[in-house]
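Contents: one structure, followed by commentary.
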Amino acid sequence: MILVIAEKPNVARKIAMALAEVKPIKKTLFGVPYYELIRDGKRLIVASAVGHLYGLAPKNDFFGYPIFDVEWVPVYIAEKGKEYAKDYIKLLSVLSKRVREFIVACDYDTEGEVIGYTALKYACGVDPGVAKRMKFSALTKRDLIKAWYNLEPTINFGMANAGIARHILDWYWGVNLSRALTHAIKRASGKWVVLSTGRVQGPTLKFLVDREREIQSFVPQPYWVIKLIFEKNGKKYTANYEKDKIWDENEAKRIVLEVKKAPARVTNIEVKQQNRNPPVPFDLGTLQREAYSAFGFSPKKTLDIAQSLYEKGFCLHPDTLILTSQGVRKIKELSREGEVFALDFNLKLSKAKYRLLERDADEQMYKVTLLDGTELYLTADHPVLVYREGNLAFVPADKLRETDHVVLVLNKSARDNYGFLDLLLEITDSQEDYAILENGETLSLHSLKMLVERGEIKDIAVVGFSHNNFGKVMLRDELWYLIGYLAGKGGEIKGNGVVISSRTKEIVGLTKSLNIDLIETEEGIVLSNKSFVRLLHLIHYTPRVPEVYGIINNTEWLKAFLAGYYDATLLEGLTLEALYKIKVYLQLLGIRAKIEDNKLKVHLEDLQRFRELLGKFSRRKLYVETSQVPVFTDFDERSYDFPRILGGDIYIIGIKSIEKFHYKGKVYDLVVENYHNFIANGIAVHNCSYPRTESQKLPKNLNYKFIIQNLARIPEYRPYAHLLLGMPELKPVEGKKEDPAHPAIYPTGEIPRPGDLTKDEALLYDMIVRRFLAVFMEPAVRETVKVTISAGKHKFFISGGRTVKEGWLRVYGKYVKFDEVTLPTFFIGERIKVLQVKREKKKTKPPARYSPAAVIKKMEDLGLGTKATRAQILETLYQRGYIEGKKSIKVTPLGMKVIETLEKYVPEIISVELTREFEKKMELIMEGKLTKEEVIEEAKIRLTKILEEFKKKELEIGLELAKIVVGEEKPPLIVGKCPKCGGDLIVKYNEKTGKRFVGCSNWPKCNVTYPILQRGEIIPTNKTCCNGAPVVIIREKDGREWEICLDMNCKEYNTIKKKR
């Protein structure tokens, strides 16, 4: 048995669903889920961590410093609030005793490797070197299966060691320096006050302090500005003096006098025009920043709204048949991720990855019936690809007209590069399954797969298949005829054979050539061959259902399978689902058909093609009913879409009827990468787009025109859409950032109905739509005018700016701020009517404080922290009381004093260079050029020297910090007088456990202590009880009060007398 360890519970579920040959069995232990499944004859258990299960803690904690002797302990011991991890550790510990092999399937990065390493070593109690590694970059079924068949022999010890080193260094720095500061205050004041700093926290606080010092040390300087106020065309205007600031008041006075005496004239006019290019498409970060600027949305709120827009409606009935790379499947039966067929920009069939969406519906749906009998059930807002008014466009169901024509798939080019070897390697690599080679040799598919993946075998002919060397089945195209025939006849798998009701001439002779025995029994005719039965299981053979894995990828196989199914059924008496599947398969062979009177009728024009393609394999005279399928052909040859329609893998059918009905139940949709459409019941429909992206590039194959045509139906976007549709070419402006998994954020073209979107969703949708339209538009042209007015030797300037060509600003200008200042017409030599020469006194201003966003940006620029840690570091600074203010960050006196102390005694710890130096060493560990032991030892040496110097000055440091810290502390709560020495009995807290107790203020000279309840407010009563012990009231949150004596032996204490 094998234990697969994932990083998080949801990832464990996805891995289990992907690897299971049948649905995995979900179990729970200690309230934690795990999964059992079979893969290639092997039993697997897929379980998970929940992030880091282990953290660092000192082996022998004396609460002193320096301390370097650390060990990995359960994270709930190392950190408060992580108790939930205990059950995950217990689960892995129990499961590890039931298995012999281990596979790490955590995220493939340093943290993922540390999580896997520590889970193996401490929870499972095994050497991490014995585990194999699943390496994947996406959680699609295809990627996970590929990772399963390409296991790394071990975990990546370079990444694991680098991650372990980083954890240890961060612990060394954070814990030792925090303890040093805390001990310094204790030595100086006798108070335990916890202060903290660290490798990244220190440098971050340092640059905030630097800004605060700039502000505090800033001395405002007076200066004067001079303005020339004049009148032109009945309006007042202001021109500014050529010097921004005049530092001498007397000079300012002199200038004013000289200007007043001299006539003012226009001496120069400078006009410039600049192109302002359109903005690039939205990545998530840019969308978040602009939404904050325009609407005040937080980044989290923007992401939530974008996710909501992404998942809004656009859904299909659960029985909708989807054309996948494995065959035609009901959408409700699809795995969460996989591969479907889609139409590319040129309307050619292509394959693309999908992700399944599911939601509950209680709403109106639409039944769209085409003239060829095809039916499709959609929610009101799910778009269908239609030909309308000479153009192709995606139109939601509730906007469809009966005059519209719908696009269906029709494969016009065979794709036969998929062979038996490809099929066998996809469905199994079991040690018990064998391929029979052309020379008669047998080779296990497991070994064969490894040889192919290593490139040692590139071209090999496979002629047969064997399971456990119990017989063999020959692999020829005719095999698919037999499988199709058995499916049509309802052949049931029983034991090592397939049973049909009676012998038929169609398969006599064929079974013999395929090495399958025919045996007559009381039940009927048995096709006996263990290897054949094994193959049927692997390709998901089901009686009476025209569907097996693999046939869709090879047209010869598809022809043979359909011929066999036809010979067995004559296409009569079939279920509607079977008819639909056969209709889609015929479309993939380039044959159009019609469903009428519960029968499948081939298009009269395609009858000859039907007979030619299936006649190659059929053993009967092919007779099939025909009908004139009303294919639309009246295309506008001037249309932009005409060449693509003519050469595409499609045909177009009119709509017969559109009916509404109410539906309550599950509905589904797909998110399809790159092509953003898929084939449902043979019809091209749209999908959703994905908001979590770092890309500033639109999909290469995206049909921009489709989307813009749909957006033109919204009145407020119509003028801009029509402008773009009139352009000879739609070419977007794009940015440099690219996300290999997801394109930039853009509107899909589905049109929201009134009431579909909330107010906030509507705001964000408007911004996304306008940004999308803007990237296709022409640059804006801005004109600036600078007029020089001279009065004697003195010059004044007045400037204006205006947009002379709107370009993209026409659609996106509401989210861009440009000052529009239009000046009157001036002429060189024109005399200016001066109303006033004004002198104003001003003062210089200090630099602005950082905002939270500016802090994150500064950390990025300095290389401090990571995307995952920067926000938390800033939050820690708030929690420690080092900074305050949510919009404008101010460093508190405590924060200032901590940095002042670190600068004076341990300047290295707040050095950006030190942080960068050790980050470089982490990279060298990963590359195998340094060992983690070398880096950790160097860190110990560096830190030891720092702390040795710190200890020499510990008292001075403590005295400096105590002035701030102790002054801010609340006075201790006095509950009475000590019966032994007369000192104050005060509430204290254990430095290790944090638990409270009552003790004498004269400790350590007096050791009187009392225990006390850990919950509730303590209220002194000024009363005493046994042996002079004080009596106090404990008030709970619900208002109840308890009067108790603090003496443990007091009867009153033992009964806890309730006070009302």
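Heads up, the Cβ atoms here are built off N, Cα and C, so glycines get one too.
Cβ neighbour count for Asp107 (Mg(2+) binding site): 16 (other Cβ atoms within 10 Å of its Cβ, all protein chains included). Asp107 (Mg(2+) binding site) falls outside any helix or strand according to DSSP and counts as coil. Annotation comment: Swiss-Prot describes Glu7, Asp107 as Mg(2+) binding site.
Look at Swiss-Prot and you will find 156-947 tagged as domain 'Topo IA-type catalytic'.
According to Swiss-Prot, the domain 'DOD-type homing endonuclease' annotation covers 482-591.
Secondary structure by DSSP for the zinc finger (978-1006): 0 helix, 11 strand, 18 coil. Under the heading zinc finger, Swiss-Prot lists 978-1006 (among others).
The zinc finger feature in Swiss-Prot is assigned to 1025-1050 (among others).
A coil conformation is recorded for Glu7 (Mg(2+) binding site) in the three-state DSSP classification, outside any helix or strand. Looking just at the zinc finger (1025-1050), the mean pLDDT is 82. Across the range of the domain 'DOD-type homing endonuclease' (482-591), the DSSP-based residue counts are 52 helix, 15 strand, 43 coil. Cβ neighbour count for Glu7 (Mg(2+) binding site): 22 (other Cβ atoms within 10 Å of its Cβ, all protein chains included).
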